[in-house]
Number of protein chains: 6
Amino acid sequence: MTSATPQSPSVRPDGRAPDQLREVRFTRGWLDHAEGSVLVEFGATRVLIAASVSEGVPRWRRGSGLGWVTAEYAMLPRATHTRSDRESVKGRIGGRTHEISRLIGRSLRAVIDYKALGENTIQLDCDVLQADGGTRTAAITGAYVALEDACAHLAGLGALAGEPLLGSVQAVSVGVVDGAPVLDLNYTEDSSAEVDLNVVVDGTGRFVEVQGTAEGQPFDRAVMDQLLDLGVAGCAQLAALQRTALDATPPSR
Amino acid sequence: MTSATPQSPSVRPDGRAPDQLREVRFTRGWLDHAEGSVLVEFGATRVLIAASVSEGVPRWRRGSGLGWVTAEYAMLPRATHTRSDRESVKGRIGGRTHEISRLIGRSLRAVIDYKALGENTIQLDCDVLQADGGTRTAAITGAYVALEDACAHLAGLGALAGEPLLGSVQAVSVGVVDGAPVLDLNYTEDSSAEVDLNVVVDGTGRFVEVQGTAEGQPFDRAVMDQLLDLGVAGCAQLAALQRTALDATPPSR
Amino acid sequence: MTSATPQSPSVRPDGRAPDQLREVRFTRGWLDHAEGSVLVEFGATRVLIAASVSEGVPRWRRGSGLGWVTAEYAMLPRATHTRSDRESVKGRIGGRTHEISRLIGRSLRAVIDYKALGENTIQLDCDVLQADGGTRTAAITGAYVALEDACAHLAGLGALAGEPLLGSVQAVSVGVVDGAPVLDLNYTEDSSAEVDLNVVVDGTGRFVEVQGTAEGQPFDRAVMDQLLDLGVAGCAQLAALQRTALDATPPSR
Amino acid sequence: MTSATPQSPSVRPDGRAPDQLREVRFTRGWLDHAEGSVLVEFGATRVLIAASVSEGVPRWRRGSGLGWVTAEYAMLPRATHTRSDRESVKGRIGGRTHEISRLIGRSLRAVIDYKALGENTIQLDCDVLQADGGTRTAAITGAYVALEDACAHLAGLGALAGEPLLGSVQAVSVGVVDGAPVLDLNYTEDSSAEVDLNVVVDGTGRFVEVQGTAEGQPFDRAVMDQLLDLGVAGCAQLAALQRTALDATPPSR
Amino acid sequence: MTSATPQSPSVRPDGRAPDQLREVRFTRGWLDHAEGSVLVEFGATRVLIAASVSEGVPRWRRGSGLGWVTAEYAMLPRATHTRSDRESVKGRIGGRTHEISRLIGRSLRAVIDYKALGENTIQLDCDVLQADGGTRTAAITGAYVALEDACAHLAGLGALAGEPLLGSVQAVSVGVVDGAPVLDLNYTEDSSAEVDLNVVVDGTGRFVEVQGTAEGQPFDRAVMDQLLDLGVAGCAQLAALQRTALDATPPSR
Amino acid sequence: MTSATPQSPSVRPDGRAPDQLREVRFTRGWLDHAEGSVLVEFGATRVLIAASVSEGVPRWRRGSGLGWVTAEYAMLPRATHTRSDRESVKGRIGGRTHEISRLIGRSLRAVIDYKALGENTIQLDCDVLQADGGTRTAAITGAYVALEDACAHLAGLGALAGEPLLGSVQAVSVGVVDGAPVLDLNYTEDSSAEVDLNVVVDGTGRFVEVQGTAEGQPFDRAVMDQLLDLGVAGCAQLAALQRTALDATPPSR
């Protein structure tokens, strides 16, 4: 379990500086059965991630000698302020869920060497137990931790053909709130943000994915530049926190 | 948080006596937004329960002056030893899920005075985060705790027409393993049980629901009687543990 | 075709004694194509059962040398007082349907020797043509008759590795109506029952499945005991009626 | 119950003359609850029809003063030689089912005076219990009988604004088998028919619906003319059988 | 591109004679990728047809040496005067869509020699871009053109075992509007037609499929005869237009 | 209809310069019924857009005085090199479709003044008839044209409370192919791109939405900057082409 320490005073709802993360915690091994698992918390946002390893790959990839990594994101019905109906009950998965699941999968695959992974599949299940903004970026950041544990598990089995991880992955949301660029928005900030941008980078700070949306007015290049800087810097902090968590005694499984 | 203390030696896989519960914990207020919430643990079985209060009742009940209580049960994909596909992805809810959701709803409704509840609905979401046997009975036992907190919330709002709770509810599984009746089976025991029986009682030990199944050979009346005794006694212990948890300082919401 | 004869006066809506079955009829061979079929009637409740035999077993069981028995329950839209929408039109199967299908399947599997059945599957389709209470127990009781005919069909083909039936199965509903325990409730009684209990036993009176629910107040052990006695006695009568029906000239297929 | 008597020798599989119907039976009042019901049999084809009356009309028709008649067709899984999966289990209704439901609805609506019916809906459920060819035409022919009983029920309630039936409806299949036009094909004939044509007429022999398909080679106008003649003549016999059935003592409901 | 020229004055909404087609155009090769494609227009009705060739046949036909032809029909949401919801969004295909897809598939299969086609599948996708009556008959008539191009493509690959086309197929709607039989109804006429009949014939004028419906009163044999004559004559004109289009320089793919 | 003229030589598969658009065409009024419609072409990519106007807004927005704009994206089965199954047939909408529909809706809403629009809804249906890369950006660019026509239609009806368009919207894809940044990738380029970025801007060049993905290696800030420049410049050209198309004689509806 690792936490980011506050660095400066500010006028944000929870007193953070504009470039300050919420308290971030990684609790590895939260589940007994999963080959990798972590309860990741960004403030009140809590996402439970399970990495499930299975031999073999989807049909369209068989015989290629290449592995596969995929992800599914979901939210418990009362993760939010008001209850949402279950997608299982509605009988269909919503667009937002689909979109985020795809984003998480792409982000993690960006640091995978499929050949080294061999014909193994790692499925990352990211279930939001409580939502307070930034669930998708918390999920990506936590999923990397679970993924590294799952790879270690495969290595322990002698099931790898090399080092499957080309680097680490971090993600954070940035946005413009009341005219000012801020890092790691909570729900209150997110609801009133004028611009909302999710930055996914690798451990060297290069971009894996960027998704920005003008919630109100379109925004100019100067804002874009500020937000990218803020996001990359936040991800560097997250990379350090991930490392600290992963360097701790491995979970007991 | 409250736990059952072991009482006697035994030959069960985890060393429990035949009539001994696993360690049982109730963590109230695990969620910030739900009007009642509890993380209930029976050993390694962990179920997160959220009680959501909403004004009004389903269409078929409107204008009756009567309230409603309902439940949904689900399991995270990696709650179990091997991953299961999500029901949202499959696009349909399985028979087991339906069956358990209905059981939980009926069990809690058995102690509700609809008139006192007024035209309010309490939705109980029971999500299994980790499964090690007895998830449905843990869900019922925990849901009662969340339900009592949700009723207190409604009382605080002055939204009730009286005391909506006619009593408490507890549930536990009992079964015959290796020829011997045992209480509160874990997954290993459950997998090899010859008889599997779920007992739901109210705080006075009267039956709310009984569901018994011969997994192997049909069983006779003497076994039935032993199992009912064992289940009723286990539920009495659970009632005490519920009370201790509920008498603790209320959660901070 | 076989019928239960009334035995004593009573105050039940249809004049039956508390421990008296409705008139029960089994019409074997109601369908021309099914390997076993029966129209079973418990008073005005009519369930058409078709047992379909097929070579092979579901994928997860292949190569085991073991057979399989499964069941599906459904109700015609106007089996009831008011029309219900079709589940095919709604695009999903309801919880009640799932629950009953599973109960029927488990009940019949309790008397099957899978090894003797060999890698054959028997599918029991139980379609309620008219519902007047007790449809699930009528379905189980009738399904046994169709199952025995289907096994005889397999025996005739020389497709069995032994006797696949370990015994017979009967089921009946019992309940508390106006404070009194009664056997085989019709719809009117069922609607006002305080306790509703379904008993499934084998031909020797041992329990295969018991499901009891307090519809109103929780009930005590003395009531439980009375209901179990009543149900077991009713099943013994049903076993005799099944035997008479099965001993008649076999259907013409 | 009314039956068509054979009129001439032939070489058809069941010994019928080319222009001869199978034995046709109408058992009115087969269900206790439906406002109209009939078990219609064309030889071994058995369709159970329930006419359900409800006050009011679908949303798009409200306030028009006009009634509505609609139909749903379905087949039990083992109505046929080999078992078919349930559409409720598959979660979707097949094209054939949709097509036949629509045909039945259109055919019956052709003889309805919506104004006289008033804002009432009659739902015709046509469930094939056993299929031996001609299920859709048997369903239409039987549905008319159930519809007339349902209208009588509405008349008895004083709920009509006039006579809602403009005439009667009959339907039969005709086809070319082994080069010869024949009436009312059973399954064996249907399977090898070169042309398959369904004729729906009103009681005066005028066309309500005609659907003809070349199963093998396209067919010429002379064949079309023969088939239409054969179908119209067959429907005249069916009209007489319907009348006899409807003139019998009304069912007991 | 080929067009039907008007032949006589009339009182129809668009000034056509009763036996006159709308302007009919076939634009072959409208799509770059499909093995056959055509944009067919009957006046303002525009249907885009793609014929997709694939090696192999559906599972149930494998190893038979026989080919397969199938069709799917759909309509863009704003093909019509008012927008309709997408069937993909509704999650289910409507009865009308199913019915028309099946009709198109049957009609084209009527002129296919499966043996000559070999184990190849041709899938005909018929998407209505704009609807002004007669979309299903336009789809059939256009699909034949795309099918012939797809067969030529297969011939070019040397993938055929003979000539797979036994003839051509045309289809047109006829109906009774204001008491008069007319050919090729547009939407305005279709909406007020008393009788609506679709005629599908092969190039020699023999019937492949006939579907007639009394929209208002049932109709007599004399009307039936007139409509069949009108439809067969219209199809002969369509056959000539198809031929002209197909004899033009082949599309560039 | 308006087209972009090539400006410089290059080594791209189709001979374009790195910063050169494909030929872009807008055919307004392609549909007779839609209040706004355009067939937009970016080279071989063709998307048909229909803007449907309806009075009123979705339930959750009623009584607010605010309008609504939403979009749905779909692809015909044979828009691509190989046929894809229809989502209506699969019974569910895929993640990619959901994601793009949401992107288009958000992009167009960025330039809408909901108050000026009043309680009217504009639904944008974007159906890809042929796909050759860049379908989502072509859809956004074309949808703006259809949206402006739909707004003109509403203005003509006097149904607006002001000018609902705050500006125009353009979108284009940019990417890194063989190490070089290029504008408006076709399918061949898209398939081998190392980075893929979609830029949506308003008429003043400010960002509405940016979505970038590393398809291979993560990319650095310098590449990001180049791609953003390229995209903004491409959108400026598209804005001019939109204007030319919109300034032409309005479509005939």
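Every residue gets a Cβ built from N, Cα and C, even glycine.
Positions annotated as domain 'Exoribonuclease phosphorolytic' by TrEMBL: B:20-150, B:169-233. If you look up TrEMBL, you'll see B:ARG96, B:GLY134, B:THR135, B:ARG136 marked as phosphate binding site.
A map of TrEMBL features onto the structure.
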| residue | record | contacts (Cβ under 8 Å, 6+ apart) |
| --- | --- | --- |
| B:ARG96 | phosphate binding site | none |
| B:GLY134 | phosphate binding site | B:PHE42, B:THR45, B:VAL172, B:SER173, B:ASP184, B:LEU185, B:ASN186, B:ASP190 |
| B:THR135 | phosphate binding site | B:THR45, B:VAL47, B:TYR73, B:MET75, B:ILE100, B:VAL128 |
| B:ARG136 | phosphate binding site | B:TYR73, B:ILE100, B:LEU103, B:ILE104, B:ALA171, B:SER173, B:ASN198 |
Additional residues surrounding phosphate, by Cβ distance to the B:ARG96, B:GLY134, B:THR135, B:ARG136 centre under 8 Å: B:TYR73, B:ILE100, B:VAL128, B:ALA131, B:GLY133, B:THR137, B:ALA138, B:ALA139
The domain 'Exoribonuclease phosphorolytic' (B:169-233), counted residue by residue under DSSP: helix, strand, coil: 19 helix, 30 strand, 16 coil
Secondary structure of B:THR135 (phosphate binding site) (DSSP, helix/strand/coil): helix
Most distant Cα pair in Å, residues B:ARG96, B:GLY134, B:THR135, B:ARG136 binding phosphate: 14
Within the domain 'Exoribonuclease phosphorolytic' (B:20-150), residues counted as helix, strand or coil by DSSP: 42 helix, 43 strand, 46 coil
For the domain 'Exoribonuclease phosphorolytic' (B:169-233), the mean pLDDT of the predicted model: 96
